[in-house]
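As written in Swiss-Prot, here are the features:
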- A:1-20: region 'Disordered' (REGION)
- A:31-48: transmembrane segment (TRANSMEM)
- A:63-85: transmembrane segment (TRANSMEM)
- A:106-128: transmembrane segment (TRANSMEM)
- A:162-181: transmembrane segment (TRANSMEM)
- A:191-213: transmembrane segment (TRANSMEM)
- A:270-292: transmembrane segment (TRANSMEM)
- A:389-411: transmembrane segment (TRANSMEM)
- A:442-464: transmembrane segment (TRANSMEM)
- A:488-510: transmembrane segment (TRANSMEM)
- A:530-552: transmembrane segment (TRANSMEM)
- A:636-653: transmembrane segment (TRANSMEM)
- A:846-868: transmembrane segment (TRANSMEM)
């Protein structure tokens with residue numbers, strides 16, 4: 001579903017572009033999906049490249065980025081002069097969640113930045129990554145990141161925005177931790193994820209509240225209701241939550257400390273994520289919501305304080321970094337602070353400057369990161385103390401890096417100068433009368449001075465001074481194409497810096513227009529504004545910064561990493577402390593208080609909590625017991641129930657004293673349940689329950705073998721202490737309470753008049769739409785096929801988990817040896833010379849074994865019968881699977897594990913995987929016929945002898961269910977049964993090795 | 001349905017339920033484990049017959065499968081229990 005592009009009628013906007021025809025707009029809107037589809041599809045493909053094809057894969061990634069860039073470029077006419085493109089697919093419209101992509105001028109500018117720098121980074125990475133690095137993983141993540149980032153900027157729906165936002169956090173975690181053998185990379189990645197992920201969650205909550213305030217999650221609706229949001233009582237909450245997301249992502253004080261640690265990432269990642277994309281997502285969000293949230297006192301204080309602190313501290317810390325990338329990281333933090341300060345002011349001109357600086361910073365910082373990478377790559381170190389005089393070895397790179405750092409310092413005729421000048425101009429304006437506004441110009445000048453100092457340090461410390469003595473490698477110019485991205489970016493810095501109005505001007509205007517709309521101020525992008533205060537501030541910053549550098553030079557040349565005094569107060573340490581306290585100390589404390597290894601207290605706690613949770617709503621909301629009505633008693637049914645109740649109580653009573661009796665009684669209770677299902681017209685349930693009942697009995701018996709023997713302690717009744725009696729009484733009351741509660745709930749529900757339920761809906765449609773008369777089965781395999789698919793997947797996982805757990809099963813030593821009965825019978829065989837070992841068991845089992853073997857084909861027949869008629873009458877894949885597994889169990893019981901496995905091929909794992917594949921493939925198959933996932937097709941087919949049977953495509957799905965259930969049941973039972981063979985063997989082996997160790 | 005059928009089914013069901021009650025007595029009291037297991041087996045057989053009478057009573061064939069399953073594989077749990085008694089484990 002697409003809507004025609006809405007065109008804003010701003011005072012400056014030109015006539016709408018409808019003259020080009022609605023057809024082309026529709027086409028352009030469809031193209032928006034390219035931005036999401038192509039990078040993610042490319043990411044999937046990139047995984048499968050062979051890892052030695054560095055060239056091919058980087059060309060591939062570069063081509064994908066280039067395609068996205070070209071599409072961006074092609075869409076420019078549609079967003080220029082205030083146009084907005086929409087592409088919308090309904091996802092869960094009831095929840096207000098739509099897959100809406102929305103491109104306006106600002107999103108366009110960001111898309112262009114993301115894709116263009118993406119192309120350059122792909123080219124750069126081709127040369128940067130080493131032979132031994134797993135390159136496919138890098139490029140797959142790189143493309144996935146590009147897709148997520150494009151998703152963030154193009155989301156037209158708040159929830160979608162949050163989804164892509166979290167995706168960028170996750171993918172950046174993987175990218176930062178790319179060299180996961182390195183502890184720094186792992187720690188840095190984890191910290192980045194924890195901080196940005198937590199912020200993202202807070203933002204998500206904030207966005208949901210915004211959606212509730214506005215009444216829609218669509219961005220258009222949100223942007224149109226700024227007053228409603230600002231005047232809402234929850235504005236403060238929303239503001240804090242959304243800002244948490246933005247400020248953590250953009251590494252603003254006090255969340256800034258993750259960014260320097262993220263420098264453990266490969267340099268192309270830093271150049272991409274930490275200059276142009278990831279960290280810009282935070283300021284992107286601030287700009288996005290600027291029209292609806294900015295301009296209030298709270299916004300000014302929170303955003304302004306965070307921004308100013310970050311601006312100053314980031315610049316100050318950057319001076320003292322010895323690592324090139326560390327310097328750049330702190331400089332990035334500081335520049336992001338600058339953008340944040342601009343956005344805090346609430347003036348349209350400041351917003352223009354902020355958008356401009358976002359672009360400028362991306363260009364010069366990406367090129368500087370690349371330069372740092374080249375220096376690292378060609379000389380083997382990034383430590384400024386060890387580097388020096390590199391100008392002689394790599395003059396071109398040095399020149400490029402110098403121009404870029406000059407832009408970072410804000411030297412005239414470069415792009416950084418222009419936006420910094422605009423910043424100074426805004427800083428001296430008075431927006432709100434308060435102390436923060438008063439100190440802004442001074443802080444700005446001082447931070448500008450620091451920026452000059454660290455930029456100069458970058459240039460002078462690396463390229464000039466005494467030549468390096470003991471570098472790991474002899475430095476030289478990088479390959480031609482490794483430098484090409486740098487050439488391009490630095491050229492952009494220069495051109496924009498000299499003729500801004502002719503180059504970036506129109507694009508910037510488009511972006512600003514889409515954010516500020518009618519409020520777009522007049523501004524001029526030119527290099528020379530005459531002698532004014534901002535120019536003087538720039539001059540002060542420049543000369544002060546140069547002076548500061550030469551004053552501190554000798555200190556910096558030998559100093560340790562990090563700024564004095566602040567060095568001791570590390571954000572990272574505080575972060576680690578908090579994490580340890582939360583996830584270790586408190587968790588341990590809770591575990592010690594509440595945790596226990598004994599089953600009884602655990603059960604008691606669980607049942608008690610369940611009882612409390614169930615009873616509290618009933619007690620709080622005047623619950624009235626429906627009157628007890630007795631009528632039409634069927635004597636047989638009543639007697640059956642009496643038997644069932646007696647069985648259940650007897651089973652519970654015997655559970656402790658006589659396990660076998662308890663199990664037998666449990667079987668009786670289960671059987672009565674099955675008959676009840678029949679009596680109450682649920683033959684389907686009865687069939688399934690009966691089969692499950694039989695399998696469960698065998699399963700528990702298999703487990704009973706490994707339980708330790710009960711220790712008989714003859715205690716006289718009067719010796720039992722009062723405490724024990726009280727405990728037993730409490731447990732009894734608890735059990736009666738829980739059981740009685742369940743009974744009450746069931747009774748109440750069943751005696752209520754039935755409201756309009758979905759039952760009639762399914763009854764009506766089962767045959768017409770699902771082609772079957774067994775409604776339960778049609779629901780399972782057709783209407784609710786997706787649920788069933790999920791359920792069988794869970795069954796699969798459970799079976800595999802049980803299997804895996806049993807692989808490490810170590811039985812108690814007293815249950816290791818053969819059971820008493822076997823010993824006696826074997827001893828009898830051994831005592832009589834005319835008997836072979838195992839004769840007794842063969843004789844005992846002679847007739848039953850024959851019956852069990854002969855019943856195998858019959859059981860198979862029964863399973864086939866249940867399976868085929870499942871669509872119309874009781875049965876189905878699940879029941880058939882269990883029935884078949886009982887057939888296998890009978891064989892195991894008659895002949896033993898070895899006998900069966902010599903004769904039959906038992907591959908439960910394979911059956912399970914085939915089942916899951918068939919079920920999924922059936923669902924996918926309906927796509928090829930143009931229907932949604934798991935749409936079924938129904939028809940009857942006839943076979944000789946068997947007769948007519950339904951051939952819905954759902955039967956294939958059911959076949960998958962059958963195979964999986966069979967596999968899972970057999971797997972669990974066999975895994976248990978194998979313990980009898982495995983455990984003594986493993987024990988003997990362990991004993992042997994112990995003996996050898998003693999020797 | 002004829003009155004005779006209704007009555008005879010009702011009587012049959014009551015008798016079967018009584019038989020099941022006696023089986024329950026063996027299951028609960030024993031005295032030996034073998035008695036309990038045989039009690040359960042008897043309970044299953046009676047349940048199967050009960051289901052068939054229920055089918056007669058409602059003149060419906062959909063309840064037949066349940067009885068069929070008891071007939072074909074209902075003995076599996078009895079066998080498992082018996083094997084457990086005799087050998088101490090179900091699958092060797």
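Even glycines carry a Cβ here, placed using N, Cα and C.
Against the transmembrane segment (A:63-85), stretch A:106-128 has more CB pairs under 8 A than any other of A:106-128, A:389-411, A:442-464. With pairs at least 6 apart in sequence, the transmembrane segment (A:106-128) and the transmembrane segment (A:162-181) have fewer than 3 Cβ pairs within the 8 Å limit; the two do not touch. Residues of the same chain lying 6 or more positions beyond the ends of the transmembrane segment (A:31-48) and with a Cβ under 8 Å from any Cβ of it are 57, 60-61, 64-65, 67-68, 71-72, 74-75, 85-87, 101, 103, 111, 136-137, 139-144, 146-147, 150-151, 154. At the 8 Å Cβ threshold, with sequence separation of at least 6, the transmembrane segment (A:389-411) lacks contact with the transmembrane segment (A:106-128), having fewer than 3 such pairs. Only residues 6 or more beyond the boundaries of the transmembrane segment (A:530-552), in the same chain, are considered here, and those with a CB under 8 A from a CB of the stretch are 319, 409-412, 417, 420-422, 424-425, 427-428, 441, 444-445, 448-453, 455-457, 460.
Below 8 angstroms of C-beta separation, residues 76, 79-82, 105, 108-109, 112, 117, 120, 352, 355-356, 359-360, 363-364, 366-367, 370, 400, 403-404, 407, 412-418, 520, 524-527 of the same chain, each at least six residues beyond the ends of the transmembrane segment (A:488-510), sit close to that stretch.
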